Amino acid sequence: MENLARRLDLCQEQLLELYEQNSKELQQHILHWKYIRYESAIYYTARQMGIKHLGHQVVPSLDVSKAKAHAAIEMQMCLESLQNTEYNVEPWTLQDTSQELWLAEPKKCFKKGGKTVEVRFDCNETNAMHYTLWTTVYVQVDDAWTKVKGQVDYKGLSYTVHGCTTYYVDFAKEAQTYGKTNRWTVIVGSHVICSPSTIEEHGLPIVETADARPPTTATDTPDAPATATTETVGPAQAPPRKRRRNGHLPITTTVGKSLGGEYVDTADRTRTPDPESNNGHRNCGGGSSTPIIQLEGEANCLKCFRYRLGKVSHLFCNSSTTWRWTTESRTEKNAIITLTYSSVQQRSDFLAIVKIPKTIKHSLGMLTLM
């Protein structure tokens, strides 16, 4: 027992050192999963011997240790095969090589640079869902890794390998769950992908995401056919967010020409963009804006969920206590928790990895301090 406890301490010390180093080298993340495998093997052996505590730590059940060891072996082997490619010189974070991201759609692929895509079902702004479009996807085909760009079109989110396109989010299936009319509008950055009738008339444009190119600006091309248009979204472009004020971001439809400083919504109304907005971010002079997610639900459910978020504390900056509105006219009993983020990108990564329970409603917003 003492021998197992000593080995467990050494293994966990190595894990803590790796967490503190916060390395961006792929080899270090291979070591991370190797030590997790060792840790699970020690727990498994201890449980087989009838030991339920090693030091101050509770020994998990055999099934839990076995499942965790299998997951660690899978991650270690995949990272070792990736290490033997030209992609080993790229920066890789602990989050990039996490099991949560590995199992997020598209599953069993490494991915980087998540961007938020808003889909308005029934073309209704109040009936919108957000999905993650990955800038870069690393796909393993026949024991070889291929680096491809994520794509979005009216059908869904996809990537293409050797001419074969794989959709990992199908908007038609999503519309069966969230919509009623089997119609939807896709918004990515400042681009809008329109209704099926428009797509059938003009063809199906694709918006690609670039992995290392600077963002490009769409220009008016009235003489060019819409089917020849391919828009590129640069990695520095902020993911879209729902605007609650009168101002709107300039939007460019993929089947038409850029409208410059105006935005045309699904009801063909023309609005002028907010003069304070700049590429999706508000420029407040002396103030600053912080991306937030507001969680609303039953108080105990929120507290339990906040406790579980401690395991992924690297995905957000701060969490508030539970609070409520005190307006006398409100009879709402639900409590609220506010999470803050260092950037819109971090918030997108949070939504891509963390599964929010159905009993908890969440809203995206910006907290501005003047």
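Cβ from N, Cα, C; glycine included.
Feature list (source: Swiss-Prot):
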type     : residues : note
COMPBIAS : 212-230  : compositional bias 'Low complexity'
REGION   : 1-200    : region 'Transactivation domain'
REGION   : 212-255  : region 'Disordered'
REGION   : 268-287  : region 'Disordered'
REGION   : 289-370  : region 'DNA-binding domain'
Would you mind giving the whole-number mean pLDDT across the region 'DNA-binding domain' (289-370)?
85
Determine how many residues of the region 'DNA-binding domain' (289-370) DSSP places in helix, in strand and in coil.
27 helix, 27 strand, 28 coil
